[in-house]
Amino acid sequence: MLDPNLLRNEPDAVAEKLARRGFKLDVDKLGALEERRKVLQVKTENLQAERNSRSKSIGQAKARGEDIEPLRLEVNKLGEELDAAKAELDALQAEIRDIALTIPNLPADEVPVGKDENDNVEVSRWGTPREFDFEVRDHVTLGEMHSGLDFAAAVKLTGSRFVVMKGQIARMHRALAQFMLDLHTEQHGYSENYVPYLVNQDTLYGTGQLPKFAGDLFHTRPLEEEADTSNYALIPTAEVPLTNLVRGEIIDEDDLPIKMTAHTPCFRSEAGSYGRDTRGLIRMHQFDKVEMVQIVRPEDSMAALEEMTGHAEKVLQLLGLPYRKIILCTGDMGFGACKTYDLEVWIPAQNTYREISSCSNVWDFQARRMQARCRSKSDKKTRLVHTLNGSGLAVGRTLVAVMENYQQADGRIEVPEVLRPYMNGLEYIG
């Protein structure tokens, strides 16, 4: 959520920045609502003061032995008017808040202006795509050759965009997640967390999934005996529970940064993706991801973004997977991000790079929703923290990249050296 004072005092400047990312802010509507809010605020305060004054007069009149009934009736009437004014003010403030919750974050000044993914800017490349002297098989064909990917079984169990992994392919999937967690915890300074896969509405509001992206989530039906408390949704990413661990907290600045990681399944409806990536593991309703989250001082967040992106890059480098790093343009950034780097890994069968990690600085956008603050020992004032999140990495897509980049002419899949300790020294699948 943006700073309400910024929306009130600099609406035109905010509108200009939002226009860079293709969002039209209705400045006139917000201005009219704000003027109405000011009028109601003054009215409420005046009624409150008048009622307090009249209430005090009742006691004074009673002490003088005067008839207090007219004053009592007047106080009651003022109370009714005050209640009505408060209700109108509350409704208006709720309307303003509802609008504010749909406004995306402001892009950082250095983010390239653009409309969509075609306007993203490549920053760097690492590694050289392998040249094959045989016909490249995609991961689906390789998985079926080794009886490791069973999409038909998943359709029987659930439906499309799910998979059953088996044997050494399932083992490699697990090995990848363990490797990523060990790297982030042992070398990059993250603490490992196990988090719920179901979260409540407040948590989803905190990180910005609600109200705007309710349709992207899988929601549970409340239990009858807990109808008011069990309106949960499956997490679309571990960013949601990890970041909300600091919701409502005031953190000592000496304890920052807080760096957390978790390996979880992620659940997404993929609304609007009909017909896209229907073959294989690239776009699933359920997929695993190792997530990185950092909670930092405001002045440290841009440096933290560079660091976090480097942590994701290290996974790809140790796996020997060619990739490119791009900075997303204003029109392609996520709702809460002010700056985002994507890492795209080389997928031989598609002869292109595909997203495997997205690392974002969310500035104070989530912190304001969550009321997550920090305070230094020398200053009693609190300030909002900055939050960052990044994939380190998407496990299923990493599996795709390993299978395709490490395939052999006979269909075997070489196991990258860094994964062999997690697979009992296995050198090849097949």
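Please read every residue number as a count from 1 along the shown chain.
Yeah, the Cβs are placed from backbone N, Cα and C, and that goes for glycine too.
The Cβ of Ser391 (L-serine binding site) lies under 8 Å from the Cβ of Lys289, Val290, Glu291, Met292, Ala312, Ile356, Ser357, Ser358, Cys359, each of which sits 6+ residues away along the same chain. Summarising the annotation, Swiss-Prot assigns L-serine binding site to Thr237, Ala238, Glu239, Glu291, Ser391 and lists sequence analysis as the type of evidence.
Just so you know, the Cβ of Ser358 (ATP binding site) picks up 22 other Cβ atoms within 10 Å once every protein chain is counted. Here Swiss-Prot flags Arg268, Ser269, Glu270, Glu355, Ile356, Ser357, Ser358 as ATP binding site.
Taking Thr237 (L-serine binding site) as the reference point, the binding-site residues whose C-alpha atoms are within 10 Å of its C-alpha, out of Arg268, Ser269, Glu270, Glu355, are Arg268. Annotated L-serine site Thr237, Ala238, Glu239, Glu291, Ser391; additional same-chain residues within 8 Å of its Cβ mean position, judged by their own Cβ, are Val240, Leu242, Ala262, Thr264, Cys266, Lys289, Val290, Met292, Val293, Asn389, Gly390.
In the structure shown, the C-beta of Thr237 has more C-beta neighbours within 10 angstroms than that of any other entry among the binding-site residues Thr237, Ser269. In the structure as shown, the Cβ atom of Glu239 (L-serine binding site) sits within 10 Å of 29 other Cβ atoms. Rounded to the nearest whole angstrom, the C-alpha distance between Ser269 (ATP binding site) and Ala238 (L-serine binding site) is 16.
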